[in-house]
Amino acid sequence: MGNANSTETKESRRSKLRQKLQNLRSRRRLRRPGSGSASGLVTQRSVSADDFAGIALLTLIGAEMKFKDKWLACVSFGEQTFRTEVSDSTEKPIWNSEKKLLLEKNGPSLARISVFETNRLLKNNIVGYCELDLLEFVVQEPESTCKSFDLLDPASSNVVGSMFISCSVEDPVETETCFAKRILSIVDYNEDGHLSFTEFSDLMNAFGNVVAANKKEELFKAADLNGDGVVTIDELAALLALQQEQEPIINSCPVCGEALQLSDKLNAVIHMTLCFDEGTGNQTMTGGFLTDRQASYGWMFKLSEWTHLSTYDVGLNTGSSASHIVVIDRKTKRLVEELIDSKIVMSMRAIYQSKIGLRLMDQGAKEILQNLSEKQGKKMNTVESAQNIPSFLEFFKDQINMAEVKYPLDHFKTFNEFFIRELKPGARPVACMDRDDVAVSGADSRLMAFQSMDDSTRFWIKGRKFSIAGLLGKDVNSGAFLDGSLVIFRLAPQDYHRFHSPVSGVIEKFVNVPGSLYTVNPIAVNSKYCNVFTENKRTVVIISTAEFGKVAFVAIGATMVGSITFVRQEGDHVKKGDELGYFSFGGSTVICVFEKDSIKIDEDLLANSARSLETLVTVGMQLGVSFPKLENCVLEP
């Protein structure tokens, strides 16, 4: 009878252990972005010991808003986004929702917390946001109390509420010890902070390797100084962390089952720490999202995503296949979604991603686009068009910062006056202003950069006839630019639409090249059926420089862009960052072509472009350095 009871007790303990591990696995399993399935885990890339800054435990406690609603909060950090559950209808939502985030010294550090009201059927409405630099918490003493942050309206920067957040950061040594405590707590069945040898033995046996089985008694005795057969989790955790450092006893993650690289002890501990996301026992945020907008969408969007009518993704050719355009913000190193009407996406795909659509273009639709653009351009110059400004700002309210605009809203008498708005002095600082060997971004835009033309056609431009000679036209000697470096600045309607010189030099000449007005959206650029950049109306500006040789600056018109206006003339000397001109209403693109081996483009821009991922940049950000002067220049924010 005694043996039977003993067997039942052991089986009960094992059942509890299996259940706890199963719960952890369930919570760790994240929905793959862009799919309706629950398969797939978020993988963690390796980090070097020199770059590892710690593990941040970020907790969204609650908020105080100015009106009653059901509230949802999202955290966007790097290329990951997480969301809380939806609160009850209240002015003071409480979430107590947390997430562990890996901090790297040279990686993303700025977390953006967005708060959405959830009274919409298809999508929820962002009400306010705040940002905090998690690396600042590395040097601070751990605090049990929360801090209050102002929630700002994305459009006006007015305060619309308060967010209550706590954050603590484990340094590398603490990470190992804290992980050991968390894993030991799994077998603390009575939750008293103490373990018997039987409980500890259950855990060591679960690791399933010879080293763990052989070491369990030795480790327990070393911790059991008074010999009473019971030790505290804190005492045992220190010994377990030391043992894992000297001779690993865990060779696969107990949560997800992934095999660990025992030669890379740091990343093994980081992996398991992020897997064990129970933390303090608060609600863990749901992950698997790329942007806060994706995380906030309502159930109608989730249905369309499940039926593959709507998808999120990044990578090769997704500009042509995904229904949402995702870019990476260079300043915050965070993924953001470009806003575009879904009906426009569907119509562009029908036209530009099929032979039939492009055949229609060849049979007269080009002239229709030309006439439509001219008509729309005239309309946007009327006094009545100013009525469209408020709705335009509302649609793009978290992507247009009116605090940067030189003049107040009532200054603009037409929509086009607002569209070509100027910015306040200093709103776009120019990197390394005293160094002409450093080139800078020429536009607020989504940027793709390629060290050679071959790279551009492999990773981005899919038109079968694209060439440098075709881009520059027959009146420009393209010989010096063949196989040169290519930088594409794509401006979306919400962007600041004045373009600036990326280099210092003398304007040698302007060449106007007539053409069509296709859209410059990635759906068209990634199409193999048309050649947007070589067929669209454009103006080529040749700038002669001392550091880069000749630079071709190509301003390309697009659908709804009635005119390209320049404010400089042939023979003018320009400094990098000086304004060259502006695009009237619509989306548009600038392409800069550098002579072969004249510029070393910044590595982060090349790396993103190799993933077919556009980088969100602003005027004046560093673009690259001329050969052979490759010293690093500090990137200005």
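Using the three backbone atoms N, Cα and C, a Cβ is placed for every residue, glycine included.
Automated prediction, rather than curation, is the source of TrEMBL annotations.
The region 'Disordered' feature in TrEMBL is assigned to 1-42.
What TrEMBL lists as compositional bias 'Basic residues' is 15-32.
Residues or ranges marked as domain 'C2' in TrEMBL: 22-147. Over the domain 'C2' (22-147), the average per-residue pLDDT in this prediction is 79.
For 180-210 (among others), the entry in TrEMBL reads domain 'EF-hand'.
Marked as domain 'EF-hand' by TrEMBL: 211-246 (among others).
Per TrEMBL, the feature pyruvic acid (Ser) maps to Ser588.
Feature annotation from TrEMBL assigns active site, schiff-base intermediate with substrate to Ser588.
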**Item:** Cβ packing number for Ser588 (pyruvic acid (Ser)), 10 Å threshold
**Value:** 31
**Asked** How many helix, strand and coil residues does the domain 'EF-hand' (180-210) contain under DSSP?
**Response** 18 helix, 3 strand, 10 coil
